[in-house]
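*Asks:* Quick one: structure below, then a few questions.
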Amino acid sequence: MFCTKCGMRLGTSDKFCAKCGSRVDRETVPAGQSSVQTAAALEAEKSAKIKPFPDGGISPAEKDSSGSAVPADEKRVHNAPDRSTNRQGQAPVQLVKGDAPGKKTSPELAYADLFTGISGDASETKEGKTGETGPAAHIQHDDVTHRESAVQTKQEANHVIGSNAMAEPQQMEEKRTVPVPAELKQSTKASQKTAPAPGSFNPQEMELLAVFAGENSKYYVNNWSKPYSMNWAAFLLTIFWMGYRKLMAPMFITAGTFILAGLIIAATGLYWLVIPAVPLFMAASGFIGNRLYFHQAKEKIDKIQAVHGTWEEKRRLLAAAGGTSPGGVFIVFGVMFGYLFISAILFSVL
């Protein structure tokens, strides 16, 4: 089959003409007998125009630079018309060696040679024996190059993804196994030893609490580190213990509650309520006594810490604010005598 535009012979699987780049229409009727006859006539006319020369019938143009004769197949290339530019105005086509010497050429190939300047089958072009290039060849070459670059890019991307996937576990493992300096380990161990446990105090707080508690400070500091503890002195002495430890506000509140409850019982005549009320009152005082004392100690320490001064001055102020006070016990006795006096008057009047 031949191209309908340039006359180049086409293969059975070609979709584009290698010479002019035209699309091959398989439904187009191939060249008939008239085209073959025309090609034969042109070949005969071409051979008739060749004139003999004195030196054996070979023209100077048919000799190479060394003086040797040019083969007959290349003779056709020199005598062929200049078809380096196709109809679409595309780039010129380079013509190279033709058929081997002595190879027979059919009229169809001779007709094609007039336009292409080459002879032989399509296998020579595929093997690289010809240098002919055209739009179709460029299209096929660009397609192959694009596919190869796409495959190479995909392989590189897969390689990068695979390397990153392998590097992530390694980086995580390196993070897990990062060596810790010896100095950092020692400082961590020291901080663990000196840091107070939950519910305990650091050395500075412990010293200040002991200064505030005064007498029997070890007992109170140990019990203050617990959420709740039983103070038997507060259980047995109730408001007298509060006055002795300078818990004046809790002492007055507790005494007022006790006096009010006694008045209600006396007014209602429900004297049997005294039997369960007194033990409950004593148990509550012993159970919350240490917590009340601890909150007062923290409040006093915070106020004194805010005052500017030396450490010894702060210790002296804290010792004066805390500790014990026999005067608080006398205050409690005064409150109790006052309550009894008021109660006697009320009962005598009522």
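Backbone N, Cα and C atoms are what each Cβ position is placed from, and that goes for glycine too.
Nobody curates TrEMBL annotations by hand; they come from automatic prediction.
Pulled from TrEMBL, these are the listed features:
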{"type": "COMPBIAS", "residues": "72-85", "note": "compositional bias 'Basic and acidic residues'"}
{"type": "COMPBIAS", "residues": "139-149", "note": "compositional bias 'Basic and acidic residues'"}
{"type": "DOMAIN", "residues": "2-23", "note": "domain 'Zinc-ribbon'"}
{"type": "REGION", "residues": "44-106", "note": "region 'Disordered'"}
{"type": "REGION", "residues": "120-154", "note": "region 'Disordered'"}
{"type": "TRANSMEM", "residues": "251-274", "note": "transmembrane segment"}
{"type": "TRANSMEM", "residues": "327-349", "note": "transmembrane segment"}
*Asks:* DSSP helix, strand and coil counts for the domain 'Zinc-ribbon' (2-23)?
*Replies:* 0 helix, 4 strand, 18 coil
*Asks:* Averaged over the domain 'Zinc-ribbon' (2-23), what pLDDT does the predicted model reach?
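*Replies:* Averaged over the domain 'Zinc-ribbon' (2-23), the predicted model reaches a pLDDT of 77.
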